[in-house]
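> According to TrEMBL, the record shows the following:
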DISULFID  C183-C192  disulfide bond
DOMAIN    153-193  domain 'EGF-like'
DOMAIN    305-342  domain 'EGF-like'
SIGNAL    1-29  signal peptide
TRANSMEM  364-382  transmembrane segment
TRANSMEM  387-405  transmembrane segment
Amino acid sequence: MAPLPPRGLVPSLLWCLSLFLSLPGPVWLQPSPPPHPSPRAEPHPCHTCRALVDNFNKGLERTIRDNFGGGNTAWEEEKLSKYKDSETRLVEVLEGVCSRSDFECHRLLELSEELVENWWFHRQQEAPDLFQWLCSDSLKLCCPSGTFGPSCLPCPGGTERPCGGYGQCEGEGTRGGSGRCDCQAGYGGEACGQCGLGYFEAERNSSHLVCSACFGPCARCTGPEESHCLQCKKGWALHHLKCVDIDECGTEQATCGADQFCVNTEGSYECRDCAKACLGCMGAGPGRCKKCSRGYQQVGSKCLDVDECETVVCPGENEQCENTEGGYRCVCAEGYRQEDGICVKEQVPESAGFFAEMTEDEMVVLQQMFFGVIICALATLAAKGDLVFTAIFIGAVAAMTGYWLSERSDRVLEGFIKGR
């Protein structure tokens, strides 16, 4: 059973407000659902192994710090020698290696748990670097820095400075990747040892290379000035060591459609649509047409719209011609509307009087009110002793009495008694 609202104005309002807030909000008040996250690329197994080892080393530091520090030094040294390489400590460290949501870490730990235990109890002395022993030598997931691929080959530029220090060797430190150098902006070549397109050597020595940008349209240059160009980018031509724009619109290099025209831009061009009046054009506007489109005619140097309504007669009855851009259409004449493909005359509603929307019973009541006002006025004048108004008053009362006793009055009274 639904709870009843409390009595009293203020408690009732508070009850209604709490009931409203408990209902689910309308759609426009609901918070929008969060966007679907894009699928995250799985990390390389080497990166997962490296993170596992890093967390393992942090766990070693944490367990030493939490279990020892202050107090009896001799007692701590004795206990530390037992706890340092104990299974208890190993379990405590492994419990914090992977976060709950890191599925890849848990999977790798499950596969390598026996190896970790073997290293912990038997191999620490001869292989103190857990990352090298586990990730590189045992699981063969990683390579030394500056190498890549299944055989851990050196990256371009050597293992000391892969890609010359100006790029990233793809797959470096892992058993994957192509070893290709992804050079920084301005650098190029197999090992990023050259300046890239649009850059020049501002400084070079045995170990460093500084590349600076050429002047805008220059692809190769000897310096930053406009006159230092040796080769130009596409869309430009070299002229006296300067790059000047090629006007493709004046050559056969531009390929625009039949109803388009060419506009030259710096280093390129654009194809833009001709005006609707044109059938092929040489530029923008109706004054640059090669030919006029259907519905247009040549007037001077421009293609202008033809007013077909001057000669066209619409076939339908009660239709009239309406000119449009490049054509015409037949529409219903004023005072007519389209219905089933023909134009029919619109029915204009008759103007309604002031009492048009009143029911018959409402009209009767209005009449009674009017007669009542008249009778009251006559009664006031009769009370002053005026015989003429007294006679009129008596006559009006008699008329009203007769009306109320009539059959129509009975019907009105019955309607009001029933609540109409």
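For all residues, glycine too, the Cβ spot is worked out from N, Cα and C.
Curation plays no part in TrEMBL annotations; they are all automatic predictions.
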> Using DSSP, what is the helix/strand/coil residue split across the domain 'EGF-like' (153-193)?
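Tallied per class, the domain 'EGF-like' (153-193) gives 4 helix, 11 strand, 26 coil.
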> What same-chain residues, at least 6 away in sequence, bring their CB to under 8 Å of the CB of C183 (disulfide bond)?
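Within the chain, C183 (disulfide bond) has Cβ neighbours under 8 Å at C163, Y166, G167, G189, C192, G196.
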> Are there residues at least six beyond either end of the domain 'EGF-like' (305-342) with Cβ under 8 Å to its Cβ atoms? List them, or say none.
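For the domain 'EGF-like' (305-342), the nonlocal Cβ contacts are 276-277, 293-297.
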> Including all protein chains shown, what's the count of other C-beta atoms within 10 A of the C-beta of C192 (disulfide bond)?
27
> Express the predicted model's confidence over the domain 'EGF-like' (153-193) as a mean pLDDT, rounded to an integer.
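On average, pLDDT over the domain 'EGF-like' (153-193) sits at 94.
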